[in-house]
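As recorded in TrEMBL, the features of this protein are as follows:
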type	residues	note
DOMAIN	102-547	domain 'Major facilitator superfamily (MFS) profile'
REGION	57-83	region 'Disordered'
TRANSMEM	100-120	transmembrane segment
TRANSMEM	140-157	transmembrane segment
TRANSMEM	169-187	transmembrane segment
TRANSMEM	193-214	transmembrane segment
TRANSMEM	226-248	transmembrane segment
TRANSMEM	260-286	transmembrane segment
TRANSMEM	335-359	transmembrane segment
TRANSMEM	371-397	transmembrane segment
TRANSMEM	418-438	transmembrane segment
TRANSMEM	450-475	transmembrane segment
TRANSMEM	487-506	transmembrane segment
TRANSMEM	512-534	transmembrane segment
Amino acid sequence: MSPPTDTNNRLINPTPTTAIASGLGGIPSAPINLAYDVEKTAPVTAGSASASASASASALTPIPPTEQPTHPSEASPFLVTYDGPSDPLDPQNMAPARKWTYAAILGVMTLSVTFASSVFSTATEAAADEFNVSNEVMTLGTALFIAGFAVGPMFYGPMSELWGRKRPLMAGFFLFIVCQIPVGVAQNVETIMLFRFLGGVAAAGPLSIVGGWFSDFFDPVQRGVALCVLSGTTYMGPVLGPIIGGFMTQSYLGWRWTAWMTMIIASASGIIGLIVLPETYAPVVLTRKARKIRLETHNWAVHSKQYKNIYQIEETATDFNAFVTKYLSRPFRMLLLEPILVLITLYLTLVFGFVYLLFEAWPISFIEQRGYNAGIGALPFISIGVGVVIGSVFVVHDTYTRIQAKYVTNGYILPEDRLYTMIYGAVAFPIGIFWFAWTSFPTISPWPQILSGIPIGVGVQIIYLQGLAYLVDVYTTNANSAISAHAIIRSSVAAGFVMFSVPMYQNLGVQWATSLLGFLGLAFILVPVLFWIYGARIRAWSKYAPM
């Protein structure tokens, strides 16, 4: 009888000398049969053993990770996996307190980079005066940082899938901190622009990696709440930036302290993250487990599933072509082939871009037209922060009631379950925009205009949070690539929003320039409705969304 083969006509685990449990509790001392993972060239029978042996030397071919059998008993007996569902090495089994501690640290790290993205907006005028350039030129300091957010995910997403979550994040975060020094001591505009851009590239790590990090150790219900923390910090950072930056710029500290304050906040959170955060990406965790077993037992056949076979164990580098085709190009291929990713990305891009547009547009309304100084003129951003908090509470309540009930009843939740609340946010968002637009006349009390930030914040938070959670739930194992693709488009467009915001508001006026965005918000209400109704059918067509 011919030995068992996989779908690619390769032999699967043909009678090794000694079997090992999935956790590799014992290592065989007998000779190891190296016949597994060998390309099948002819049926192996008792009479053809010698022919099979002679063919095996030239027929050894690596099995890509996606083609390997998933259960140790059906694959190599030397394959390292988790020791069952309760293995303490599995990040899903961490204590809840540890999980939420890590989520809080990652949230603060995210807040520090998004704070940096907007804090320079209040330094635009003072820095422009010092270097004798126009305000439009100095606006590039904000736009280039956000443009860096678009470049960074092209590297962070693939690196996190190759080398784990922690190493790429911490390396980039350190570079982000260092980039604040040249900005703080800059003697010319070119230095500011260069290091604001490089700082944005380095700072993209949390925005690209943290969503995947959460998926490593949170179940779907907890992940929804954790992503709420992430989304809240993503928007609270930009809200706090102009407020704190405005008062620093007006004080004796001056505009350069926007860089020093960023450096202080990032350094504090980065040091804590470096010390406390663990690696949670399963292939890396299992690779380390396999390496430890090899060193303890001197059995060099032990390997983790991430790698191709016993001849290419963990220390083997990924070849450059595979890196480019599988990791760097995958986000762009997904953008071309995935309608869910495209439409959700366009919607979240509009919302994200609008927030950064406000950092340039609101000063026109509150500082130029109403006559407030930079510090007081930035205080209305607090109303957006209040809205973000309300939106977060709304999503958390929905997650722990409706979503959790479905998870307990069915044992799973559908990605489309996230979209029910997203529709509420989609309605609140344009309401707040039109409210802001038509209460912005200087002859009207500022309070109605200030309060319009609450529905804007509610809408922004719910849309972004549930949209991001939807992408993670839809693409699961490809979530980092999906989020990276989304971040590239979102940040590129947001950088453009910053640059055209001032000319648009000066030419159209606050009322009609803002209303234009409100009409776009109305049109995009259809996006969550469409996927709520037809999302499951569209996912069935996808090659990147496991069903």
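Backbone N, Cα and C define each Cβ position, glycine as well.
Cβ atoms under 8 Å from those of the transmembrane segment (450-475) belong to residues 211-212, 214-215, 220, 223-224, 227-228, 230-232, 234-235, 239, 334, 340-341, 344, 347-348, 351-352, 354-355, 380-392, 394-395, 413-416, 418-419, 421-422, 424-433, 435-436, 439, 481-483, 486, 521, 528, 531, 535, 539, 542, 544-545 of the same chain, restricted to positions at least 6 beyond its ends.
Among the listed stretches 100-120, 140-157, 193-214, 226-248, 487-506, the one sharing the most Cβ pairs under 8 Å with the transmembrane segment (169-187) is 193-214. Outside the transmembrane segment (140-157), and at least 6 residues removed from its termini, the chain residues within Cβ reach (under 8 Å) are 116-118, 120-121, 123-124, 127, 168-169, 172, 192-193, 196-205, 207-209, 327-328, 331, 356, 359-360, 480-481, 483-485, 487-492, 494-496, 498-499. With a threshold of 8 Å between CB atoms, the same-chain residues lying at least 6 positions outside the transmembrane segment (487-506) that come near it are 135-136, 139-140, 142-144, 146-154, 204, 207-208, 331, 335, 345-346, 348-349, 352-357, 359-361, 364, 513, 516. Within its own chain, the transmembrane segment (260-286) has Cβ neighbours under 8 Å at 80-82, 89-91, 101-102, 105-106, 108-109, 111-113, 115-116, 119, 160-161, 163-167, 169-170, 173-174, 176-177, 180-181, 184, 212-213, 216-217, 244-245, 248, 304-306, counting only residues six or more beyond its boundaries.
Taken as a whole, the domain 'Major facilitator superfamily (MFS) profile' (102-547) shows an average pLDDT of 89 in this prediction. The stretches the transmembrane segment (335-359) and the transmembrane segment (512-534) meet in space: the count of Cβ pairs below 8 angstroms, excluding pairs fewer than 6 apart in sequence, reaches at least three.
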